[in-house]
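Some notes on the structure that comes next.
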Amino acid sequence: MLRAPVAGAQRWFCCAGCVAVAQTIHGAGLESFYRFRTELGQPLDDADGSQAQARALFGRPDVEALYVRTIDADTAEVSLTLDNLRCAACVWLCEQHLERQPGVVAAHVNHATGRARVRWKTGRTDLAGVLDAFAAIGYRAAPFQPGAANDALRRAKRGLLLRMAVAMLCMMQVMMYAWPLYRHEASIEPGQWELLRWTSLVLTLPVVLYSAWPLMQGAWRGLRHRRPGMDLPVVIGILAAFAASVAATVAGRGEVYFDSVTMFVALLLAARYLELVLRHDAQDGGRALAAQLPALCTRLPGYPAAAAPELVALPQVRPGDVLRIGPGEAVPADGTLLEGATRLDEAMLTGESLPVAKAAGDGLVAGSFNTGSPVLMRVEQVGSRTRLAGIIHALDRALEEKPRIALLADRIAVVFVAALIALALVTGAVWWWLEPARALPVMIAVLVVSCPCALSLATPAALAAATSRLARRGVLVVKGHALETLAQVTDVVLDKTGTLTQGRFALAHIETMGPLDAARCLDLAAAMETGSTHPVGLALAAAAHAQGRPLPALGRATHLAGQGVEAEVDGLELRLGSARFTGIGSDTAPAGETAATHVWLASPDRPLARFVLQDALRDDSRELLAALRAMGKRVHLVSGDAAATVRQWADDLSIGHCAGGVSPEGKQDYVARLQAGGAVVLAVGDGINDAPQLGLAQVSMAVAAGTALARASADVLLNGQGIMGVAHALDAARRTRRVVRQNLGWALAYNLSFIPLAASGWISAWMAALGMSLSSLLVVGNAWRLRR
């Protein structure tokens, strides 16, 4: 034992670690933590220093790279699992302590999942420092790993299922004993009558003390933090009915409600179990896929030199490694196919039902399965930087956020609980004055028959089911408000290149207009597009590369989003881009070429060449447009391409509203004008020039191959190869809104109808228990339909 001065007094501590924790809490001004403590904390067992060694290991750059996401040049983020999170006070202490650490930008702890998300400035702290900060206040943190999370979820489901099974078995047996008491009470011998009641009491004890224990914990936490939740009236009803039944059994007279108590708990836990499955179902797909990543990989050291392959653990794989992927094996990391050709099953990632053909040079995604021949790949991204990790992160973020309607339902539920308890007390007082023998049964019926559970579950259950269904179809909802807003969309603004079209241009021909020949103009244009990710730039570079000539030396280059490139090449001042940007004026294309994309190369005094590029329509673009028209949406085609080109595409696709030659700022203004007219706009795009309109629109989508800026601005990501995900998302949002309205309508109608009946004495306790439980099951079951 040690004594140390803390808070102005000498206090006893079991070890030096506890002294450090207490001084940390008081030194950081977090003394109010002790007011929220519910029990003595568990000591952090690190006598052999193994935990400190593990935290130091996570500080190594190569290990940290496996788990940490880079947000921008100087900001990083990690998702952690926490042990020993007991209550809201633990969450509060962790968040407050972490956010006061040097370099930490934000810390969010989720008590329900035992997860924490921490963001920090990379120059001031690192992953090891974050883990040490948790350890300083007695919490063991480790980077989130999908396999471990799946294990925790299975334990939670198994625990709830066991409690439900106990309640169900006891309920059925107690109902058997209750039946003769209800139907043949007059003909039962007193000894048999006593035996049935005492046996029912014994069978109800495990239901109250074990099965209903999580409900009691939730009610107690709400009371301690002065925020009564939906568990409180439930627990009051259970305990009141059980206490009254015990008293009647011991006294040998009066009504017993053991059947009502057991039935109520059993059916309520069944609804909770379904809700738990729905709430986590959206995460299961990505996590299950991540859990199937191979534990071992076949690496070819020294490739391309001949060397014996070696088996290495997945965490040992690094960018640049060459791996062999055999038939039936999962791709362990993101990379590029080096040798061979095969077909990959990407259904879990993109929703594509058929395997995708892959050849040398094509990208491979972690989590896809090789269904063909053995191939070699070069690793580019591992761990938290893979596309699969990004999918899991996006889904987790979406489930953490709450739309406005869910927040409103939560606020209503809190007020509803307080009003319900007050009503139960008033009802009990009135009946005590009218008929004392019925006061307690009526008050219990009022508490039990109400269903704040259905009110609270109505929205999140539906959102979780819809999010899960869309994820299986390759549509990732990454913002909490997206489904709610999608249901209100009136106008859909579509980009052309890379959205309605495949965004893979092919150079059709070159028309020269000056002293330079076509080959020279192509080389100059390709040099100017060095490092570009725009589909036009990639097409010009690919065409020049196919000729096998070295490119001219590039001096300086300025890329202007939505316009073109201004550069110095071989001493020449050149511009490459639209006719307006290059100073040519209007883009008058010959007949038959209006649907093509035209790129001009010009010097300060004259045009030099016009490049004509063709882009193919996506296979499902016409199907999408037909679906949007069937839904009654107004469709707009807005693009930076020449106005004549955009008009030609719009006419061919039967799009009534279009605008061409529009800059990124012009696209933003176009959306703003629609919104000023009362429209709710969905913007769909893929490039840097689409980011402003994606950010301004009420809801936005980015296609899978889009730029990082476009994906960061979007509320929904289309992860498949096609564009029909737009229609799938709109349809899912419409169905979700209908289900939410049905659930909320049912919850409100049920409560407004049955509470007065219970207060009037028309509903007995067992009827109230059955009604409340079935109401919760109905709400969750209705939401379950969205998974189909």
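Just so you know, glycine gets a Cβ as well, placed from its N, Cα and C.
Remember, it's a predicted structure, so these values are computed and weren't measured experimentally.
Feature annotations, courtesy of TrEMBL:
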- 76-142: domain 'HMA' (DOMAIN)
- 160-179: transmembrane segment (TRANSMEM)
- 199-220: transmembrane segment (TRANSMEM)
- 232-250: transmembrane segment (TRANSMEM)
- 256-274: transmembrane segment (TRANSMEM)
- 412-434: transmembrane segment (TRANSMEM)
- 440-463: transmembrane segment (TRANSMEM)
- 743-759: transmembrane segment (TRANSMEM)
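Count of Cβ pairs under 8 Å against the transmembrane segment (199-220): among 160-179, 232-250, 256-274, 412-434, 743-759, the largest is for 160-179. Highest Cβ contact count with the transmembrane segment (743-759) among the listed stretches 160-179, 232-250, 256-274, 412-434 falls to 412-434 (criterion: pairs under 8 Å). Residues 157, 160-161, 163-164, 167-168, 170-171, 174-175, 177-178, 181, 197, 200-201, 203-204, 207-208, 211-212, 215, 234, 237-238, 241-242, 244-245, 248-249, 441, 444, 448, 453, 457, 764-766, 768-770, 772-774, 776-777, 779-781, 784 of the same chain lie 6+ residues outside the transmembrane segment (256-274) yet bring a C-beta within less than 8 angstroms of a C-beta in it. Summed and averaged per residue, pLDDT over the domain 'HMA' (76-142) gives 78.
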